[in-house]
Amino acid sequence: MSSSPASVQMEEVRRRSQSLLSSSGSAQDVKEEVQTMASVLLPLSEKYRHLGVEAMLRENAACRNAQEVLESLSRLVKALSILEKYGCNLTSPARPRYWRSVKHNNPVFRSTVDAVKGGRTVLFLYGYTNQQIDGLSFPDDVTEPDAAKVASVTLEVMTLRTEVDMLVKRTHPHPENFRDIIPFITQQDELVSDVVVVTHEEEQLADTPQVLSLPPKPSVSPGGEPLKPPTASDCNLCGAASSLVCPSCGDQTFCDACDDLFHRHPSRANHRRDKGLGRTFVTAAKTSSPSLSPWECAHCTTVNEMRAVLCATCERPRLATAASAAQENPPSVPTSPNTEWQCKSCTVVNQGSSILCEVCERPRLATRPSVAPLPSSPGSTPESGAKWMCQFCTYMNTNPTAVCEMCNLSCKDSAGVSLPLSLQQNPSGTREQPRTQQRTQPRPAGDVEAKRQKMMREDGLRLVQQIREAEKRGVSAEEVYAAIGMCGGSSTDPCDWLASELPHLLDEICAMAASVQAERGGEGAEPSGPGVAKLSRAEAKLAWLSAGGDTDRAVRQLLRDRQVKMKELHSLGFRDVLRCEEALRLSGGEVKGALSLLQRPLLEPFHQRIWTDQPEPPIDPKHPDKQRMCRRLLALYDLPSWGRCELVLALLQEPDVTYSLEDVVQAVKESHDKDFIRRLLVNECPICLSIFPRSKMQSLTSCQCSVCHECFGMHFTIAVRDKHIRDMVCPVCGEPDINDPEQLDSYFSTLDIQLRNCLELDVYDLFHKKLTEHALMKDPKFLWCCHCTSGFINDGDQMKVTCPSCRKSFCAQCKKPWEPQHQDLSCEQFQQWKRDNDPEYQRQGLAGFLRDNGITCPSCRFQYALTKGGCMHFSCSQCRYQFCSGCNNPYHKTVCKTAQCSYTGLHAHHPRDCLFYLRDWEPPRLQALLQRSGVEFNTDPSNGTQSDACCLMEQKDEAGQQIDSPCGLQTQPGQAGLCEKHYSEYLVSLINAHSLDPSPLYDAKELIRACERYQVDTQRGENEDDSAYPARLLKKLMEVPLGEKVPRNK
């Protein structure tokens, strides 16, 4: 590597920019460094270490002319911009999600990177070295891109893009480096010679016209390093090299692109910009075509794109000169490109987006054309075909008549300059008098105008009345106008004339046209006789109307129209002249009708084949006529292209094919990739283990499992008929989680749509009935009967409720059977009365207490007269809600929404005062907790007799089913006649009823384990003794509240 100052500067800028880009991944952070590297004078092989720039430029600039070179380099700039974004994405700290692959089917990729030579080589340097079916990707063993190498390659891509962009815009400081690589560009640069810098004062003294040239090359230091341009010449918006200065914006500098965007605003559209910073660069006229470079407007000095026809600021034509612009009146520049504008020629108001007038098709800024007066000299004789324009109706008269053919006004009233010479009369009537003699007095203009207005009003009213009368009789205005011309000045009604005389006139026109056609002979028409084609009245009428009632013109128009129609039918393949003529006559001159008549015999075999009762033969993929099979596929299955049809036949011809034609066609419509289509056609049902195409598989929205249509319908039919509404989950994975109400509601809303087409009508109606009951259970007024299993909506506000099914009453609040003593007493007062006065309740003792304080479903509020000493995982038989009977918290089958919980199996989150933990304590320990808080508890049976087995009812899991049965465990003395499990339940119910915290009785291990469950910091502090450490943990643990859903019935 060279040690010149330019090389040292290049290496320093390269190292600094590479560090910035690899850390930030933002192209804006290294924009100035890239501009500096692009301006450094170094050989390309030394400036670009990774990219083969010379080969890339030669391959992309191998064109026949300079125009193609410019277009190719512009495409290269766009491709390098896309590659620059790929590199910045790889070096960015927040890389995109799919950074590992680049897809070839991306339209942006195909139109930019794939459209130039060397684009995929840059991607290979980035690390995309693994060739895939649909693109490029990083190797599987690469987890992170090489940030340093990607940043280095990206900087070279940005530098090359900047240099090529400067070459296209003719602003490159060293175009000689590319003389041997891009000859057309350097040849055009050599045409720009003798560049002179002229100040504004010298420009005003110059007489010769001057044109803009390219900016001069920057000066070079003695070491060969280009001097960095001053900051004042940079664009204020993008930082690139500026080319325009706007005095109205505070002498701000802009490049061409930013100036175009910034001065499009209506408030800045009238700003005048100067070229360069206080100086104007001029040169001799270029010999190259002006269409290959940007051009400057001669009026507002705005530099426009090379393809622009009108100036982007003042909208003047490209070739308009400053002199012609100065002669015109100051145009009213529209405040916005969408502002409507009025044509100066015909005064029609056009849309702001149009460039040409919609009526006269003159340019937007064109002035009204001047009407040159006809030369009038005494004694001159006008030609017989002289034209003159009426000043009243602007009709151009072709005959030298004294009145206008359109408005019937005298030509004397029109302007003399517009009359033909034969109609211009001298005021004296004999000969032209000298100009010194006194002229005759003209007629008063008021009388002429009043007469004209009166005549126009009478003629107009009469014509309107005739048109209205004709419309009532089904006659168009065009027919009325032509009939008036034929009737002349007679009093014949136009409609009567059309009904009586027009058919004869049309027959005459047809006969005249046939005669003319026969006389032509060798011009393509048949000779006279039977070969002469007959013309229809409909064609003659159209020609007569288009000719305005002129018979001769109608004949010529009729023959022209017939010749055009014959050529159109001839181009469609119908060469029989007689048949075409006859078809046009029968169709009234309509080409579509004639085409239908001509095609009918050709379609007769097809109609006979489709009208027969024989079935259509199936498509045989092994048929030798491959094109016929493809055409049938296109006609029957609406495939998008011929290639897709060939793909269908190729897939069906593969060995051991098990899928049908319809399945293959459906898969081919979705993709053109053969491997992907095979994956669509081969899918195994996880239930019946059969192979089906993807189109015959059914999926639920809650999971990714797919089953065949038959298994899907059978599973949900059995679930609707024999199971609960919450059992209708995925037959493969059991999703969704029924304990999540939000997920369950959205799941049922989409499941309803899927089951509508796969279930029988009676099964679908049963599903809707169960779904309705499931929705009713969420109503706060919904009650379950404590005597039977019925539920209903209670609209009343009384405590006593009667079940509509069993006609038995119960309390709406405590759900206990209704007794007369409950009247006028609260539920707590009634329970206390039963303890004090009901012998049966007193005889049951704690068993009755545990039964009355049984399990209540937190979802549907259905009560169970069961104890909680059984399985803590309780499943409600009414709503299938699964919860803990000790704390009412839900059980989760999969991952739950609790923070920092990663357990995926069946689990629930229990508070520390739940029976789930306290049932493992010995009864003496529970009694000690109650005694510590002064809560009384029983130890002896209520009836004084000790039974051998516990008779409390509980829910047990037997053979996968939940069954209610007696406990049956051995009772122990001192436990109130209950087994140890239910006696512990009794003590825990007292602890929960008084909201007692069991943490003060924890030992060291239990304390640490409880703190870990609640995410309490268990890290032991420095110099913390054995007594202070557990005390601190206990204090932190007691700050965590007890369970919110734990039943606390007293």
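Using the three backbone atoms N, Cα and C, a Cβ is placed for every residue, glycine included.
According to TrEMBL:
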type	residues	note
COMPBIAS	435-444	compositional bias 'Low complexity'
DOMAIN	291-320	domain 'RanBP2-type'
DOMAIN	336-366	domain 'RanBP2-type'
DOMAIN	681-913	domain 'RING-type'
DOMAIN	685-733	domain 'RING-type'
REGION	1-28	region 'Disordered'
REGION	422-453	region 'Disordered'
Averaged over the whole of the domain 'RING-type' (681-913), what is the pLDDT?
-> 79
Under 8 Å Cβ-Cβ from the region 'Disordered' (1-28), and at least six residues away from its ends along the same chain, one finds 34, 36-37, 40-42, 46-47, 84, 88-93, 147-148, 150-152, 154-155, 158, 221, 223-226
Counts by DSSP class (helix H/G/I, strand E/B, coil) across the domain 'RING-type' (685-733) = 20 helix, 8 strand, 21 coil
Using DSSP, how many residues in the region 'Disordered' (1-28) fall into helix, strand and coil?
-> 22 helix, 0 strand, 6 coil
